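Chemist: Structure in structure tokens, see below.
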């Protein structure tokens, strides 16, 4: 009788003693193909506490746990700093529950990316850490954040009324939209799981690849695979659009940010510019009063009035931007111009990263001509254990940064989402929630892109078996990744043409501010 190896942890690191002999035998018997998977999971849970790790593996396990906790706390503090740094002054000290949701969303977007190097290290060192459980906890929490917590917090914030006492009316107003969003997600997930799970006829050569010691159909449950794949599918529209724009926009914006830095002005020029801004502000105040009168008494604005309101808000932002630049130029010192050189440095770093990502997607993900960046990661990981995770983190977080800046570009340029404009010290909490939720959704797609793009580096991980092998048995979900990659490249190409056609025009000056 062939005994299947347990896919959840490496039992080669365990030493079977007399105290756990019975449970170990039961575990081996339960691994037979005819045994139910739930019974197998139960016996694994019974046997694991009594198993004994070897000393080197135990030491490595403690180091992994310690480093993971430290990194998680650092990310949590950085997310808190980002939320407080961008929050508007009128929101400071208020709605701390919404801030907590935003901090958790940003943190878990980063956790989704940073867990993959931990999975790689755990697979190579055989520490006994059950990464399937870790991934399940993190990814399920991420799903609950963008399906329940984010819509509830958004509606809770929008329902605030100074005339109402307490928060009961806000909770009532937020419950129904959050329940609707959550119900739509889980119903759609059930449809994908039950109607798109027919095994593919070409069985991928029994899903061998580089994953030799486990059977991948047993490793990941079908429902969890559907959940991860469906969440990634929801993130691909945001990632393809915003990420494709950001791949081109980030290097260009860094150069524009540096070239558009304010030059020192004389007191005479300062007074003249100040008077001009005063005149423009007076005109905008008159236009604002006219718009208030035009929109008074109507429950819904007409299309022409809505366009006037959006144009008015944009002009107000431009005046505020010009005033800040004027004050910065007049009171300029060495500290105020440092971030412009940082933008130039980011452009120098971002340009090769964008080219490398685009080239890697073409030559490896879409055509399979060359492993390309996989060789770099494997070489770095072999030279020094920390170089592999650091190199991976640079490429992965660069894609997240491109997505965030692409979202900023779209919300700043186009009028579809004018309320979600991000500004340092001037961003409302609903805009922070929207952008952080987009970041979390895109993190699922970035994770799928990294697992597939670096599958030589991630060959023995849990997510490799999900994104590269098990998802091939989902006829609908397996088409998402190639379509997403093509969409990302097409949007990057189209935005490159847009940048070339609009280069040097005045409408692009708004992006050359401190918010970059």
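Heads up, residue numbers simply count up from 1 along the chain you see.
Even glycines carry a Cβ here, placed using N, Cα and C.
Pulled the feature table from TrEMBL, pasting it below:
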- 309-336: coiled coil (COILED)
- 38-55: transmembrane segment (TRANSMEM)
- 61-88: transmembrane segment (TRANSMEM)
- 100-120: transmembrane segment (TRANSMEM)
- 132-153: transmembrane segment (TRANSMEM)
- 174-195: transmembrane segment (TRANSMEM)
- 234-253: transmembrane segment (TRANSMEM)
- 340-363: transmembrane segment (TRANSMEM)
- 383-408: transmembrane segment (TRANSMEM)
- 429-455: transmembrane segment (TRANSMEM)
- 475-498: transmembrane segment (TRANSMEM)
Chemist: Between the transmembrane segment (429-455) and the stretches 100-120, 132-153, 383-408, 475-498, work out which stretch tops the count of Cβ pairs under 8 Å.
Modeler: 100-120
Chemist: Would you say the transmembrane segment (340-363) and the transmembrane segment (383-408) are in contact under the rule of three or more C-beta pairs closer than 8 Å, pairs 6 or more apart in sequence?
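Modeler: Yes, these stretches are in contact.
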Chemist: State the mean pLDDT for the coiled coil (309-336).
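Modeler: Mean per-residue confidence for the coiled coil (309-336): 76 out of 100.
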Chemist: Which residues of the same chain, at least 6 past either end of the transmembrane segment (132-153), have a Cβ under 8 Å from a Cβ in it?
Modeler: 8, 97-98, 101-102, 104-105, 108-109, 111-112, 115, 118-119, 174-175, 177-178, 181-182, 185-186, 219-220, 224, 227-228, 231, 433, 436-437, 440-441, 443-444, 462-463
Chemist: Spell out yes or no: are there three or more C-beta pairs under 8 angstroms between the transmembrane segment (475-498) and the transmembrane segment (61-88), with each pair 6 or more apart in sequence?
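Modeler: No, the transmembrane segment (475-498) and the transmembrane segment (61-88) are not in contact.
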Chemist: Where among 61-88, 174-195, 234-253, 340-363 do we find the most Cβ pairs under 8 Å to the transmembrane segment (100-120)?
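Modeler: By the under-8 Å Cβ criterion, the transmembrane segment (100-120) pairs most with 61-88.
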Chemist: Using Cβ atoms and a strict cutoff of less than 8 Å, what residues sit near the transmembrane segment (234-253) while being 6 or more residues removed from its termini?
Modeler: 343, 346-347, 350-351, 354, 357-358, 399, 401-407, 409-410, 438, 441-446, 449, 480, 483-484, 487-492, 495-496, 499, 511-512, 516
